[in-house]
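Asker: Pulled these features from TrEMBL for this protein:
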| type | residues | note |
| --- | --- | --- |
| DOMAIN | A:8-203 | domain 'Glutamine amidotransferase' |
| ACT_SITE | A:Cys85 | active site, nucleophile |
| ACT_SITE | A:His187 | active site |
| ACT_SITE | A:Glu189 | active site |
Amino acid sequence: MTTSKSVVIIDYGLGNVASASKAFAKLGASVKISRDKNDINTATHLVLPGVGAFGEGIRLLEESGVIPMITERALRQKIPFLGICLGMQLLASTGNEFGVHRGLNWLPGTVDELSGTHIRLPHVGWNEIMIQKKGVLLQGLADRNFYFVHSFVFNCTDPGAVIATCGYGDGFVAVVEKGNIFGTQFHPEKSQVSGLTVLKNFLSYA
Amino acid sequence: MLKVRVIPCMLFNGFSLVKTIQFGTMRNLGSPIQAAHVYNSRNVDELVFIDLKATEEHREPLYDVIHEVIGECFMPLAIGGGIHSLDVIQRLLSIGADKVIINSEALTHPEFIERAARKFGSQCIVVSIDVKRNGRRFMVMDKRGATTTRHEAVPWAQEMHKRGAGELFVTSVDQDGSMAGYDIDLINAVVSEVSIPVIASGGAGKVQDIIDVIKKGHADAAALASMFHYSGHTANSIKQRMAAAGIPVRIVGP
């Protein structure tokens, strides 16, 4: 991995930014946790972390003032963008957790509670993903188990963007990709070797 | 399929890792940072780190030590001990903890669990429940097993679930350190009455104990402390036996 990759983990007050930062650093990237315009504008890769509720997430993201900047960089300049967990869910059109909230609407679909009979929520632990189509993030995986911790899921209505699913409850979307926009419902930064492979694939995309 | 987790539990006394027997008698087991390094290299599913003395000594968690432990881990880490304010939780999450484990504060101020879950999300709020048998009743204990509360384990677990806990860490004080097996009846009683994941703790001495608490107690995860130190087992050697018994586990090298 070259050191020319410059990752900015968007700091909007949610998410385990320290772990994501540590994982990218281990892969040899330079990493900043920031909401600064200059940092975002000079990044080669943007990462939106996040844990917690959708409404609070989108509110904090709006308050942080980064939405116009990241939209410009990801949607118009098309630099690689990765949403992790809630960060992936925020890419959706709408979130239905504690009320109805508008999302970034970069990928169509809604965020809803994981459905299924007799399932324990949150869905916590290691689960195996089922790869639905060839994408960038899941190349060269030695093991398809990843660490999940969530109760809500992204029901993405663009079937072309769904790269992997997971079979808990009625099943849900585990990985999305659309061009330079990536998202994982699991935590790659917490998924040891498999997780590091996913992050490495993300860094390799340009 | 969701895998059953095997979770090494690191008990810390402020200086080193220790082993306890029925929450007493401590034996020194060395540096938590070194232990975390080994656990990470062995690809364990998750780690639990509990500072047994923080609350008793009226101090906050030792952030520097925890930060170093976290630095070794590319797997989820739950931190317990001395968590009595939202600020402490914020600080632990900001240095890279994934979850916090709350015990005493839930007993003295149950509404703290609601505030914590609302602010940080249920997924990172684990409530630890220490339980001692009294006849046929499962009594919830406080002060590291020294004080019996008025709560019984099952209704207390339900209340914690209702208030927003995302997981329960249920320890049998009677079985702690005994290596004589989990309290399966206790775990089963709790699991049956809540719909959040339950981590069974206290008593693992051999692989069959883990298999039993998963198959008969229906725990979602098994925490072990002494067993790793005294049995020569690794997470993978344990999980291979569990897999052979038909339990879904995650086995990866080395």
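Glycine is treated like the rest: Cβ placed from N, Cα and C.
Whatever TrEMBL says is automated annotation, not expert-curated.
Help me understand the surroundings of these features in the structure.
Answerer: Around the Cβ of A:Cys85 (active site, nucleophile), the number of neighbouring Cβ atoms within 10 Å comes to 29.
Under the three-state DSSP scheme, A:His187 (active site) falls in the coil class. Taking a C-beta cut-off of under 8 Å and a sequence gap of six or more, A:His187 (active site) has these contacts in its own chain: A:Asn16, A:Ser19, A:Ile84, A:Cys85, A:Phe146, A:Tyr147, A:Phe148, A:Val149, A:Gly195.
There are 33 other Cβ atoms within 10 Å of the Cβ belonging to A:Glu189 (active site).
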Asker: Looking only at DSSP and grouping its letters into three states, which state does A:Cys85 (active site, nucleophile) belong to?
Answerer: coil
Asker: Mean pLDDT across the domain 'Glutamine amidotransferase' (A:8-203), rounded to an integer, is what?
Answerer: 95
